[in-house]
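Working notes, structure below.
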Amino acid sequence: MSETTYTTTEDTDDTNSTDSMVGTTTGETDEYVREEWREYSFDVPTKLGVDDLDVYYGDDQALEGVSMEIPEKSVTALIGPSGCGKSTFLRCLNRMNDRVSSARIDGSVTLDSQEIYQDGVNLVELRKRVGMVFQSPNPFPKSIRENIAYGPEKHGDIDTGVLARLLGRSDEEQREELVERCLRDAALWDEVHDRLDDNALGLSGGQQQRLCIARCLSVDPEVILMDEPASALDPIATAKIEDLIAELSKEYTVVIVTHNMQQAARISEQTAVFLTGGELVEYGDTDQVFENPQSERVEDYITGKFG
C-alpha cells in the first residue's frame, strides 16, 4: 500500500483462522520486551487494510505503526486498556477523526483495496459504506419510523423515479418496507412494530442501541464499526446486542471496540490487542490470542497482571 500523510480539515472455523504470531526482540520497553509482528493472511477476502498507521493529536502520538488486515463478513474485536488507541483506530476506518482539528494521520487505510485518505474521497459516501454505532445510544428525537427513514430520504436512497412508479410502489410503501426490514435485521421489529410513531427517546437503553444499529443499516453499509456498543447496557440487553452482532456478521464486516475481554472472546473471530502507547502488540485468531498468546505482554494483560 502507498503511504499517505493526512491532516484533518474538518472541526472459529478454518475459514477465519490465521497464522500464529511470531515476535522478535527489538529492545526493551519499560519492563517488557517489545514484539514486532508480521501481517496475517486470511482464507477470506480482506475488506479493510491498514498499513503503518500513525495518528497524532497535536504533538501527542495516539497510534504507532499499526498494520493489519480485516477480513470481510466477520467480527474483529479491538481490546486493550483505556487510552491505548482502540477508539482512535476505529475512527480512522471511516475518517471520523477528520472532525478533530488537531489530528494528523500518516499511513494507509484501504476499503476494498481503495485508499480512503486520498484526495477526492466523498466522505458522505464513505460513511454510508462504513457506518458507526457509538458507545451511548443516540437516537434522533423523532419517531422510531423517522429514525430509520431519515438517512435514506436525506441521501435520496428511496427511489422516487420512473422505475418505482412503473412497479406501482409509492414512496410511502418503499419507506415502510425499509423501516420493517431494518428493524427486523436489528431484532427490534417485534418489540416496536405497533408503535412506530412513538418518540424513539421513550425506548429502553437496549432498544435505543438496537434502533441505532437499524438506522445504520438503513443506508446499506458494508462495514459496521461499533465503539463499546453494550457498555451502558444491562446483561439482558447486552446479550441481545451480542446475538445481533453474530447475525450481522453473516452479511456485514463488523469491527468492535470492547473493554470486556469475555465479550471479545464470545463474539469475535479475530482479536487485536492494543497496549499503552498506541501499539498493536498482537493480532490473530481469537481462540489463540486468549488461550495461547505469543506476546508476554498480552498474556499479562489478559490474565489481569496489568491494565
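From the backbone N, Cα and C atoms, a Cβ is placed for every residue, glycine too.
As recorded in Swiss-Prot, the features of this protein are as follows:
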REGION    1-30  region 'Disordered'
DOMAIN    48-302  domain 'ABC transporter'
BINDING   Gly80, Pro81, Ser82, Gly83, Cys84, Gly85, Lys86, Ser87  ATP binding site
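Residues within less than 8 Å, Cβ to Cβ, of Gly83 (ATP binding site) and separated from it by at least 6 positions along the same chain comprise Thr276. Taking the centroid of the Cβ atoms of Gly80, Pro81, Ser82, Gly83, Cys84, Gly85, Lys86, Ser87 as the ATP site, the other same-chain residues with Cβ within 8 Å of it are Phe274, Thr276, Gly278. Looking at Gly80, Pro81, Gly85, the binding-site residues in this record, the fewest other C-beta atoms within 10 angstroms of the C-beta turn up around Pro81. For the binding-site residues Ser82, Ser87, the largest tally of other C-beta atoms within 10 A is found at Ser87. With a cut-off of 8 Å between CB atoms and residues at least 6 apart in sequence, the same chain places Leu78, Ile79, Gly80, Val257, Phe274 near Lys86 (ATP binding site), listed in sequence order. Sequence-distant neighbours of Cys84 (ATP binding site) (same chain, six or more apart, CB under 8 Å from its CB) are Phe274, Leu275, Thr276, Gly277, Gly278, Glu279, listed in sequence order.
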